[in-house]
Structure formats: structure tokens, C-alpha cells
Amino acid sequence: SCTLSISLNTDMYCLLKCAPLILAVAVCHGWLFGDFVGKQKELDEISLWPLPQKFQSSAVAFKLSPASFQIVHAKQSSAGPSCSILVNAFRRYFEYMFGDLKKHEKSRKKVYDSDLAELQVWITSADPECDGYPSLQADESCELFSLPLLQLVYEDNYGANNINKTDISDFPRFAHRGILLDSSRHFLPLKVILANLEAMAMNKFNVFHWHIVDDPSFPYMSRTFPDLSQKGAYHPFTHVYTPSDVKMVIEFARMRGIRVIPEFDTPGHTQSWGNGQLDLLTPCYSGSSPSGTFGPVNPILNSSYDFMTQFFKEISTVFPDAYIHLGGDEVDFSCWKSNPDIKKFMVQQGFGTDYSKLESFYIQRLLDIVAATKKGYMVWQEVFDNGVKLKDDTVVEVWIGNKMEEELQNVTGAGFTTILSAPWYLDYISYGQDWQRYYKVEPLNFPGTDAQKKLVIGGEACLWGEYVDATNLTPRLWPRASAVAERLWSDKSVTDVGNAYKRLVQHRCRMVKRGIPAEPLFVGHCRQEYMGL
């Protein structure tokens, strides 16, 4: 048998993305180094997704037996059994490779020369960051001069686990690789969110953009303002995220190297907020009388800003990420225009009839409130388009499809960090293999300098919830989002759709094997099919 030794500053194959470099060294008798030229069958067996920046693999296979293989901390490692992230990862990876541990009780006990017996994990950084949270600045690069275990493990025709010697040099092309899920238009049970975090980790996404509240419902249970969910959720007990639920999502994500960025979109998209917070929304008028309906947040009342100050103080303590998404999109001015108090305020401020200036007035005050919590903020592109004064570290999300290239040019030209979601709205569905359209997107295909293009730090695949709930979210998202994952991770030159199809078919089967009901790309089968709930 042989021992595999890995020195690293993160989880295997960069999964947790906690810190810089992985250096893996394996010394095992009988390993012959080669490549996959003329060995398409072996290459198909591996089918890595997203494709690493560089990899080379030997056709020589070794066996992995749950009876003899273990993952352990190396003696020199700065992390040990108290490092919950790694211990959790060891357990998870073992189960990924071998399945339910109970079924291995009767596995063979004899160890052969062709067995891999041990994986030693050596954390070389002085601070292993075992208790930290993933961040935009995390270095996700890795060097493996042996095996990125999980995706290289495959079954032979007899059901035995095999693994090939493989050298990998890998790092993401973009630092921000996100999935947006909408839990307001339809409530998403905790189980569904956690399952998709698992799928995100498998596809090397590292940001969960949680669009947690919106017009239809307010499922976030606030400790400071409990009436927001009590009166704004679809149901105050069954359709809410309690503080413990939110904490569980954040911790589950942390264990997989995923940031959780909450979005609380204002001043529009706030109808559900008004149910539990008196006078927060603007009363709409029909002629000279109130119509009984309400519009966006009332931007002329000090009480609105007092509320936002207290609310975002709470949010800044609940969510540990350095950023909060503040929305700022699709503000309907018709209610503001109908309200006599707002019209009077417009005159006093010298805004004339330009209600985008009133929106900017509100947004600017909100940004100051959030900045006081020491958080950075992300906004939708309209905030930039309307000329709001933004801090230098603001992240602008470009989501409007028409004139996307022009918008990227303008936002980066103004010096702002940018993420792109416009071409990746996965709630738009069509017949056929629409994943190819998402795969063919080149995020940096816009006029601009090299310095501008460096400001595009990544993108997000968005699944809005008008027609999505727990019954169809996962198969609608995967493996279509996997196409976005490779575009944001792999080298710009990785564009061969035919090769991608072959690998993605296999990757989709890996997800199915793990219990993720990812929909098929086309006609075919998986060795282990999804068996239902």
C-alpha cells in the first residue's frame, strides 16, 4: 500500500477556499507519469468540471478501499483535530467517495500494493483560518502533484473505486462566482437551500446571493422588528427563516467555502415590508385623496432612515460577510409622483420633476447608514446609472441584457468593481440545450482597457422565483448553472462545446449519484440514476 501526502492551506481541491496554496506530493511505488494522448477512454472517466487551468494524468490506476483508506492530519500541519472545517471536510469527502459508511463494515480487510492507504493533509500556513469566513480576497489557487480526489475517483465495471495519478495546477479565473436564489416569491425550505449549497460547492461556486425578501413576502425573522415577518411572511411560523435557520445556512456554507451575501432591496420591491412597519411605505394618491395603496419606501420621512439604521445594524451582525446587497433596482416613481407631500419635498430640494434625483437622495442616505456598520455594499446597476455617489469599493451588478457591453464599459470606466449576471438569468427557460448559450458567454467581451477588465471580478447565475419553488428549483438550476461555473472558473480558451458536453454529462451523473436531481442534458443514462425522494 502507499501513502499520499498533501501540504495545503485549504481543503482538498480548493473546496473550502480558506487560504492560499495546495502542494500535494505523492510517492507511491509503481506510478508512471504520462498524459492522456490517445487515451480518450481514461480522459472521459475523469471528466473534470469545471476544467482545471492545467492538468496531466497517468493512465495507471490505483484502488481505493474504504477498509484501508483514511484521511488524516499530517504531524507538521498547523491545523489538527480541532480544525472543524477540515475535520468536517475529511468526513464529507470520505462519504462522497465511498457512500454510506455502514455498508462498508463487511468490506475486504486485506490491503494490496495497489491500494492507496492514507491521505496526509499538511496545512503550511501559520494561521489555518479554521474559524474564519470565506472572503472575496481568499486565494483559491492550488497545486496538486497527485490527486484532486473527488472527481478523479471513478468506478470500474466491477464497482471498485479507482483513482489515477494526476498533476493539477488550478485557480479560478474570476473571484466572485455566485448563485442567486429568491426566497420571497416562493418560500424555499431550509432543506432545499442546503442541498443547493452542496451542489454549489460541487461546481466551485463560492457566493450564495440570498435574495431573501421582496414584494410578495418577508420570510426573514428580524429580532429587532419581529412584525416584519409576523405580518409580512406568507405564514408567520411555517414560511419564515428563524435566526437559527439563518445561522445554519451561513455555517453550512462556510464549511464549503461559500460566502452568504444577503440582499435587502429598497426602496422598491418592499411591499411586504409595509405590512409590519407602519409608515415605512409611501401612501399613493388618486387625485387629492389616498388610494389605499402604497409605493416604495417613503424617502422624505426621518422615521424611514431611523428604521433602516436599526435594521441594517442587525443585518450587519447576523451576516458575517463583508458585503450586503442593497438592491436599488426597478423603482416605480408613479406613487411618489401622486403624493402631495413628496411633490412639495421635490420643490424644496430643487429636484424639479426628476424623480431619479429623489431615488438618489434616498439611496445616498442608505449607503451612509450601511457604511457606518463597516460593511461594503453591492447594488444593481440602476444605482450607478442614476448618478448616486458611491464609495470606491462599491460592487455594481450588471443585470440588464440590452446594451450589456456598454454598461460594463461605463461602470468599469468609472472605476467600480463589477459583477455580471445579465446573460445568466436561468429563470428564462426554453426547449433544448440552453446551457450552451450560457457557456458561450465571454464576460470580458466589451470595449475597455485591461485595467477596466480587471474590475470585472465575476458573475452570478440568477434563478428568480416567480415560477420556482422546492418542487422544481434544483433540476431547473442544475446542470444549467454548471455551464456558468466553468465559464467563471476555467481559462478563457476553454470554449469547446462538444468537449464540454461530454464532461458535463458525466458531471451531471456525479451530481445525480450524490442525490442532486440535476436534469439531463439530452438522451442518455447514468450508471446510478436518481431514485426519487
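Any Cβ shown, glycine's included, is placed from N, Cα and C.
Whatever TrEMBL says is automated annotation, not expert-curated.
The annotation domain 'Beta-hexosaminidase eukaryotic type N-terminal' is assigned in TrEMBL to 48-143.
TrEMBL lists Cys83-Cys130 (among others) with the feature disulfide bond.
What TrEMBL lists as domain 'Glycoside hydrolase family 20 catalytic' is 174-491.
Under the heading disulfide bond, TrEMBL lists Cys284-Cys335 (among others). Taking a C-beta cut-off of under 8 Å and a sequence gap of six or more, Cys284 (disulfide bond) has these contacts in its own chain: Pro290, Ser291, Thr293, Phe294, Gly295, Ser334, Cys335, Ser338, Asn339.
Within the same chain, residues at least six positions away from Glu330 (active site, proton donor) with a Cβ under 8 Å of its Cβ are Gly268, His269, Glu382. If you look up TrEMBL, you'll see Glu330 marked as active site, proton donor.
The disulfide bond feature in TrEMBL is assigned to Cys509-Cys526 (among others). Cys526 (disulfide bond): 16 other CB atoms within 10 A of its CB, across all protein chains.
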Cβ-Cβ distance under 8 Å to Cys83 (disulfide bond), same chain, at least six residues away: His73, Ile123, Pro128, Cys130
Per-state residue totals over the domain 'Beta-hexosaminidase eukaryotic type N-terminal' (48-143) - DSSP helix, strand, coil: 19 helix, 26 strand, 51 coil
Disulfide-bonded residues listed as Cys130, Cys335, Cys509, least Cβ neighbours within 10 Å: Cys130
